[in-house]
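Peer 1: Sharing the features that Swiss-Prot gives for it:
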BINDING   Ser92, Arg98, Arg108  substrate binding site
SITE      Lys194  site 'Critical for catalysis'
BINDING   Asp228, Asp253, Asp257  Mg(2+) binding site
BINDING   His294, Gly295, Ser296, Ala297, Pro298, Asp299, Ile300, Asn307  NADP(+) binding site
Amino acid sequence: MTKQFDIVVFPGDYGGPEVMAEGIKVLKAIERKHQSDVSFNLKYHLIGGASFDIHDTPITTEALEDAKAASAVLLGAVGGPKWDGTPVPVESGLGRLRKFLDAFGNIRPVNFIAPSLVNCSSFKEHVVSGTDITIVRELTGGIYFGARQEHDGSFNSASDLDHYDRDSIVRAARLAGKLAMSRQPHLPVTSLDKANLLAACGRLWRGVVKEVFETEFPTIKLSHMLIDTAAMNVARRPTSLNGIILTSNMFGDIISDEASAIPGSLGLLPSASLCAIPTVLDASKVRGIYEPIHGSAPDIAGQGIINPTGMILSVAMMLRYSLAMPEAADSIEAAVGKVIEDDCRTSDIGGRASTADFGDAVVIALRNCLDKN
């Protein structure tokens with residue numbers, strides 16, 4: 001019996017539709033291989049500026065409801081200079097989507113999908129070679145969602161409240177623990193905080209994380225590190241943080257962007273924002289939002305040169321975490337690595353391939369990989 005998965009697709013703005021086309025191309029190759037077992041029902045919606053132009057809102061209620069009913073969400077990129085003057089920031093469509101789905105746990109891998117990419121890194125090869133980090137960022141709490149007092153026009157004072165509750169920290173810690181347990185041998189977890197000075201994303205965070213790992217993941221090696229020390233280590237010795245990094249919303253926002261410089265291009269990196277904790281990673285379905293970490297690239301959109309790797313690898317993450325197809329995810333990752341090692345690259349990583357050329361090459365490599373399995 002064929003299993004149907006409903007997937008909501010938000011191509012997004014500027015370069016978003018370009019990379020999304022390559023991601024869907026790869027997803028269709030998986031569907032053809034497994035046509036007797038699975039079917040992907042794709043439902044397209046607008047988000048961000050594209051939605052604002054048509055619906056006068058960054059995301060419609062219909063799009064939100066369809067996303068909530070779907071198995072997973074794929075997203076290209078949101079925003080751009082065309083909509084700088086809108087009454088409501090068009091980027092808020094993504095925030096509303098995350099909130100509506102309660103996407104609490106952001107996962108960002110930081111590694112080299114192809115070993116030769118170490119030569120493209122902003123860092124020295126001997127510093128970053130062997131880096132393999134997965135960052136788990138809590139997405140729904142912290143200072144971004146706390147009470148806010150804007151300045152009164154005199155620019156004398158303003159405030160933002162950093163607030164966390166126990167439940168928000170617990171589920172982020174559990175997600176990190178499950179990720180660590182899913183690998184053999186189990187991965188170490190480094191929790192980042194500011195426990196020497198701050199209450200919420202400091203001492204409360206550290207105390208709750210410590211308790212969760214002591215009671216639920218006693219075999220996982222847990223260490224705590226101050227965020228400023230971690231930021232230094234990302235630049236100086238990133239391999240010392242190999243494994244899982246767990247941290248709060250704002251700290252995760254900053255440290256993940258810093259770490260994204262390691263592989264050499266923002267176009268290489270995927271992300272997942274999960275809405276639940278899998279019972280067993282790689283074997284359970286969890287609704288999530290899957291998107292590359294790069295922006296909409298308005299400066300190069302329409303030229304056919306954007307790197308679609310992050311989007312394609314986001315499709316792989318969707319197959320792994322939301323559709324319970326880990327072998328297919330592994331095959332996509334292997335195909336991407338082979339294509340890059342065979343020197344089919346977009347310009348941001350030293351090649352001349354177009355966006356579509358790269359996607360086509362991945363599909364060919366993927367078919368060969370799937371035929372061997």
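Each residue, glycine too, has its Cβ placed from N, Cα and C.
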Peer 1: By Cβ count within 10 Å, point out the most packed of the binding-site residues listed: Ser92, Ser296, Asn307.
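Peer 2: Per the Cβ count within 10 Å, the most buried is Asn307.
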Peer 1: Among Ser92, Arg98, Arg108, listed as contacts of substrate, what is the widest Cα spread in Å, to the nearest whole number?
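Peer 2: It comes out at 21 Å between the most distant Cα atoms.
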Peer 1: Should His294 (NADP(+) binding site) be counted as helix, strand, or coil on the basis of DSSP?
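Peer 2: Coil, per DSSP.
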Peer 1: When DSSP is mapped onto helix/strand/coil, what comes out for Asp253 (Mg(2+) binding site)?
Peer 2: helix
Peer 1: Looking only at C-alpha atoms, tell me how far Arg98 (substrate binding site) is from Ile300 (NADP(+) binding site), rounded to the nearest Å.
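Peer 2: The Cα atom of Arg98 (substrate binding site) is 27 Å away from the Cα atom of Ile300 (NADP(+) binding site).
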Peer 1: Which binding-site residues are spatial neighbours of Lys194 (site 'Critical for catalysis') here, meaning Cα within 10 Å, out of Ser92, Asp228, Ala297, Pro298, Asp299, Ile300?
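Peer 2: For Lys194 (site 'Critical for catalysis'), the binding-site residues whose Cα atoms are within 10 Å come to Asp228.
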Peer 1: Find, among the binding-site residues listed as Asp253, Asp257, the one whose Cβ has the highest number of other Cβ atoms within 10 Å in the structure shown.
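Peer 2: Going through Asp253, Asp257 one by one, the largest Cβ count within 10 Å is at Asp253.
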Peer 1: Do me a favour and check the Cα-Cα span between Asp257 (Mg(2+) binding site) and Ser92 (substrate binding site); whole Å is fine.
Peer 2: 19
Peer 1: Which one is it, among the binding-site residues Ser92, Arg108, Asp228, Asp253, that lies nearest to Ser296 (NADP(+) binding site) by Cα separation?
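Peer 2: Nearest in space to Ser296 (NADP(+) binding site), counting only the binding-site residues, is Ser92.
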Peer 1: What Cα-Cα separation, expressed in whole Å, is found between Ile300 (NADP(+) binding site) and Ser92 (substrate binding site)?
Peer 2: 23
Peer 1: Nearest to Pro298 (NADP(+) binding site) by Cα, among Ser92, Arg108, Asp228, Asp253 (binding-site residues)?
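Peer 2: Closest by Cα: Ser92.
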Peer 1: Using Asp228 (Mg(2+) binding site) as the reference point, find which of the binding-site residues Ser92, Arg108, Gly295, Ala297 has the shortest Cα-to-Cα distance to it.
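Peer 2: Out of the listed candidates, the nearest Cα belongs to Arg108.
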Peer 1: Counting distance between Cα atoms, which of the binding-site residues Ser92, Arg108, Asp253 is nearest Asn307 (NADP(+) binding site)?
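Peer 2: Smallest Cα separation from Asn307 (NADP(+) binding site) among Ser92, Arg108, Asp253: Arg108.
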